[in-house]
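Student: Features from TrEMBL:
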type	residues	note
DOMAIN	7-46	domain 'PAS'
DOMAIN	271-494	domain 'Histidine kinase'
DOMAIN	510-640	domain 'Response regulatory'
MOD_RES	ASP565	4-aspartylphosphate
DOMAIN	663-783	domain 'Response regulatory'
MOD_RES	ASP716	4-aspartylphosphate
Amino acid sequence: MHTDAMLLEASSEMLFLLDAHSLHIVAASPGSHAQLGYPTGELLGKHISDIETALSDHFFWEEMATSQTPLEASGSYRRKDGTEFDIRKLARRSDLDPAYYVLRSRPARGPQKPGIVLADVGLHFAATLESTADAVLLTDTHGAIMNINRRFSALWSLPQTLLDEHNDRGIVAWIENQLRAAPGSTARCTTLHQVVMHGIDPVGDAQETLLLADGRIVETFSHPVRSREQTIGRVFFFRDMTEIKRNEAALQKARDEAECALESKGRFLANMSHEIRTPMNAVLGMLELLQDTDLSRRQLDYVRKADIAAHSLLGLLNDILDFSKIDAGKMVLDQQPFDLDALLREISVVLAATLGTKSVDVLFDVASTTPHHLVGDVLRLRQVLTNLGNNAIKFTHTGQVILRVRPVSMSETVCTLSFCVQDSGIGIAPEHLERIFEDFTQAETTTTRRFGGTGLGLSISRRLVALMGGTLRCESVPAAGSAFFFEIDLPLAKPASHQVLALDATAVLDVLVVDDNPVALELLGSMAQSLGWHVECAHSGAMAVDLSNRRARRSKPPYHAIFIDWDMPGMDGWETIAKIREVWRKDNTEPAKESLVVMVTAYDHHALMRCDAAQRAALHAYLVKPITASMLCEAVAHSSGQDAHILPGRIRTTNRGRLTGMRLLVVEDNLVNQQVAGELLSREGALVELADDGAAGVAAVARSLNSEPFDVVLMDMQMPVMDGLAAARAIRQELGQSEIPIIAMTANASAADREQCLAAGMNDHVGKPFHPDAVVELLLQHTGRAGTVVP
């Protein structure tokens with residue numbers, strides 16, 4: 001390259017160094033700049049076509065790309081001022097670097113006739129014409145056909161006699177005969193007909209689409225060939241587009257079918273959403289009402305756990321129904337303050353139900369430094385952790401499943417938390433680790449049949465974690481287990497006004513933890529220590545009895561509390577409790593000073609109820625794994641009489657009467673949901689009237705105008721006789737009531753449904769199932785009573 005550059009710098013000839021791939025000028029001689037009228041250096045970076053104007057130049061470089069020898073040809077250059085001149089040029093590959101061309105050009109001797117230029121094309125570029133993908137035809141300014149390639153002959157099936165006779169008009173007629181029989185197509189190739197038949201060359205480029213009788217589609221493009229500012233001919237390119245057009249038509253048909261299928265899917269999902277939300281609203285509403293009735297502790301436990309599970313089910317159903325929204329990237333997180341301990345309790349209920357009778361320990365391992373009051377989308381976080389936990393249980397036959405929570409870093413406002421669900425299950429082969437995150441996919445095709453499931457959970461979980469700012473990953477060893485983990489940033493929230501009841505003097509409690517699973521034993525012991533308790537651990541019933549004997553011999557009082565597993569080899573939990581009690585009875589310990597016994601086990605309360613009365617009487621409390629530290633604390637507090645409410649759950653509110661005196665019309669066709677809405681609103685002091693359909697609702701509003709108008713109308717969307725949208729329009733237009741607030745309270749919960757409601761004249765929209773507090777807040781807002789205090 002150095003020798004070529006030196007040659008260019010010293011030459012008064014037109015010499016160029018070109019990039020062989022892009023045909024951009026990388027060096028040009030002073031002679032090139034001078035003869036083309038460019039200041040020194042201005043040619044650098046230009047494409048060679050910026051100065052070349054002849055048709056032959058295009059074919060020249062196509063042939064040069066495959067040539068092993070130098071090529072020479074005639075051409076035409078354009079100066080900077082726009083004038084043109086004919087040239088002769090010689091191009092070769094650089095001897096030092098074949099990635100470059102050395103181009104030497106000189107002005108042609110005397111003017112070249114158009115025929116000579118076209119002849120040059122025929123002589124030097126016939127091979128190029130034959131190699132091009134298009135059918136090509138060249139004409140001169142008089143319309144005479146100067147050259148065609150074999151593809152042109154093949155495309156139009158030209159008879160050899162027409163070619164031998166150079167019958168230009170016969171060639172055009174032959175082509176047009178194939179067009180006339182094509183329905184809906186033009187009878188001629190207009191530009192070619194004008195040029196060859198009449199010698200009229202149109203100005204500029206021309207393009208046509210030709211339909212042939214045999215069904216083929218041919219597109220033709222032509223543009224004039226110019227030299228020395230004069231048109232010397234025209235080049236026609238013909239391309240058979242039949243297959244491309246067929247593919248485009250097939251693609252459009254497939255696209256239309258996909259859009260139709262997507263629309264059908266959308267309608268199906270919307271209908272399913274409505275059909276599921278309607279009974280779920282009734283279930284959740286009745287559970288809400290049931291919690292306000294007089295219940296025993298066991299009944300309240302059942303109701304609250306059913307309420308938690310129902311909300312979890314609702315969350316899962318919502319995500320399945322909204323999968324298309326997740327897939328389109330339109331899912332929006334609902335960031336709200338939440339309590340991590342409450343979240344873990346809710347997850348505990350669901351995982352315990354999933355576990356069933358499996359001999360697997362499900363455990364929580366939460367670092368004591370983890371903040372509990374956070375801000376985030378707790379529904380999505382619960383869904384991810386529940387899904388990972390359920391999967392871990394499904395694929396684990398023995399051993400344990402552990403949910404670990406660790407703070408990675410923490411500032412004054414934000415904490416980065418690490419979540420990990422680890423199991424000792426069947427594991428995943430390395431080649432399947434990424435596949436498991438694909439939609440509707442599991443590690444093996446046999447897995448679906450063996451373990452069930454849609455193969456959708458991990459895909460949704462990864463996308464939800466990504467929405468929360470993290471990445472869900474997996475590490476696994478076949479036959480040894482798997483770990484799914486992610487990190488997310490969660491803002492810190494202020495603690496709620498109500499806190500879990502603290503024990504008096506908990507720092508002096510001596511407790512014994514008994515579990516044959518070493519992992520469970522370590523975690524439960526650490527959990528108890530995090531509460532400030534003095535902890536001793538036993539990995540078997542025999543060891544627990546031995547520790548109790550040693551304590552008794554040292555004249556120490558019984559443990560304040562014993563947390564013991566049920567199912568242990570050798571000596572189970574029940575036998576161990578009995579033997580420990582014998583130790584202290586031998587020591588004449590008063591019954592009132594006996595240890596509080598808390599059974600911590602994977603068995604649910606139904607298993608406990610199958611035990612005999614004497615066994616049940618030996619227990620002070622019963623906890624189902626997985627458990628949290630606060631659950632240990634509450635169990636001891638309740639058992640020692642320091643807490644009247646052992647079970648976690650909703651804090652009972654006393655601010656009833658927030659809607660006192662408010663007149664409400666509820667238009668709802670479902671009788672159960674009528675009852676739910678009526679009772680939930682009535683307990684807040686509202687005066688509620690019910691209507692079974694839209695027509696009845698309109699009539700009720702009309703009647704109220706003569707006495708006491710309604711303050712707000714709560715309107716369902718899908719109802720017989722008259723739907724909610726029509727009813728809203730009737731209230732606005734026929735009754736002329738533009739001021740009364742109308743709020744849609746419906747199972748049609750999508751953004752499109754909300755827009756429909758607003759367009760019909762409604763003021764707001766709340767989706768079923770609804771939270772009572774959210775509806776109360778909305779009613780207060782639309783009646784101007786938000787922020788007021790009800791005495």
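Glycine too: its Cβ is placed from the backbone N, Cα and C atoms.
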Student: Of the listed stretches 7-46, 271-494, 510-640, which one has the most C-beta pairs under 8 A with the domain 'Response regulatory' (663-783)?
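Tutor: That would be 271-494.
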Student: C-alpha of ASP716 (4-aspartylphosphate) to C-alpha of ASP565 (4-aspartylphosphate): distance in Å?
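Tutor: Cα-Cα, rounded: 51 Å.
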Student: Can you tell me the mean pLDDT for the domain 'Response regulatory' (510-640)?
Tutor: 86
Student: Sequence gap of 6 or more, Cβ distance under 8 Å: name the residues on the same chain that satisfy this around ASP565 (4-aspartylphosphate), in order along the sequence.
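Tutor: Set apart from ASP565 (4-aspartylphosphate) by at least 6 residues yet with Cβ under 8 Å, we have VAL514, ASP515, ASP516, ASN517, ALA520, GLY573, MET599, VAL600, THR601.
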Student: Have a look around ASP716 (4-aspartylphosphate) and count the other CB atoms within 10 A of its CB, chains all included.
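Tutor: The answer is 27.
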